[in-house]
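Quick one: the structure is below, and I'll ask about it shortly.
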Amino acid sequence: MARAKFERTKPHVNIGTIGHVDHGKTTLTAAITMTLAALGQAVAKGYDQIDNAPEEKARGITINTAHVEYETANRHYAHVDCPGHADYVKNMITGAAQMDGAILVVAATDGPMPQTREHILLAKQVGVPKLVVFLNKEDMMEDAELLELVELELRELLTEYEFDGDDIPIVRGSGLQALEVMTKNPKTQRGENPWVDKIYELMDAVDSYIPDPERDIDKPFLMAVEDVFSITGRGTVATGRIERGKVKVGDVVELVGIRDTRNTTVTGIEMFKKSLDEGMAGDNAGVLLRGIQKADIERGMVLAKPGSITPHTQFEGEVYVLTEKEGGRKTPFFAGYRPQFYVRTTDVTGTIKAFTSDEGETVEMVMPGDRIKVTVELINPIAIEQGMRFAIREGGRTIGAGVVSKIVK
């Protein structure tokens, strides 16, 4: 059966839910889809459908990143439900990288927690421009003054990480109450239930506060490979978010990073299981490649316009080292330290050759909480460029975040 074409009539925006584990991100995501489904602007998804990878069921924690799509009157949204648990920050980093804005979910009963702080920091580091806050579990809060205090604390925290804490919309509500109302009566409209109205209020805030993304559509094509699979009789598909530019069926693209750079031709493009003639910046797409075996391509490579990006092993970067409070190290580290550098979609081991202060002096020891310039050498060449964000990780946890300031080699 030929696949339906994907219609582009409204601006497309990638958003997602971030925040501390068990604060209600997945419940809110389900509530949004069910609320908008009443208007025919979404496919209703229950909590279990969003929390649907086997590992997630086993632990009751969202591990993988779930994608849902919905529309408001003004926009089409692709929404990722990011993992909340510190063990799975790896996916938070790939997930948050796919956001033009995010909904920070904070349980009013707890207020900001360590992962709330970490997710705000990560959102900053991966370049999420704007956040909207959903203050969840309002139904469990008797004390209005306490709600005000939680809100104040959140605004201060957001300002600390250079978001506009004074202006950020904070919408109060209960994802669970809205979800229960919509489950009982899936046709509930705006104005018929106060909890459902809060979901509309949140989407209004997202529509107005999160800007239409400035698409990098005129830059040369680049897509970081997140996953690879084979389609029998058709070839190998690489999936990921198109970071910039456009790609058309028939285009020649380069496969860059980890191994020797090679050319291939695009034979098909799909998005949300529908065929496209071209994919463009911001799309989460599957790209079918001619003459490439599944074994030739892996997560961490990029597809790019030939000659537009090159693989490198050495760079300088500005790094912020997380404090213990933010989930970072307790102890300092020294030149020669070998962590993993999380670049776009993958971890690459590298050595920090040197630390340099803002004054240009060599620094021997770096403490949690420091901001420092690093010189890094990676064991594998990766497609890197100035301004690119990365995370520094060890033993499965993020201990630092940075941005490439200069390519050395």
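Counting starts with 1 at the first residue shown.
Glycine is treated like the rest: Cβ placed from N, Cα and C.
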Could you check which of 49-52, 53-56, 81-84, 361-364 is flagged in Swiss-Prot as region 'G3'?
81-84
If I go by Swiss-Prot, the feature region 'G1' sits on one of 19-26, 211-218, 307-314. Which?
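The range carrying the region 'G1' annotation in Swiss-Prot is 19-26.
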Could you give the Cα-Cα distance between Gly19 (GTP binding site) and Thr26 (Mg(2+) binding site), in whole Å?
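Thr26 (Mg(2+) binding site) has its Cα 10 Å from the Cα of Gly19 (GTP binding site).
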Counting only other Cβ atoms and using a 10 Å cut-off, which of the binding-site residues Lys25, Glu138 scores lowest?
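Fewest other Cβ atoms within 10 Å, among the binding-site residues Lys25, Glu138, is found for Glu138.
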Please state whether DSSP places Asp22 (GTP binding site) in a helix, a strand or coil.
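In three-state terms, Asp22 (GTP binding site) counts as coil.
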Provide the number of Cβ atoms within 10 Å of the Cβ of Thr26 (Mg(2+) binding site), excluding the reference atom itself.
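Cβ-Cβ neighbours of Thr26 (Mg(2+) binding site) within 10 Å number 26.
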Looking only at Cβ atoms, how many others are within 10 Å of the one on Gly19 (GTP binding site)?
26
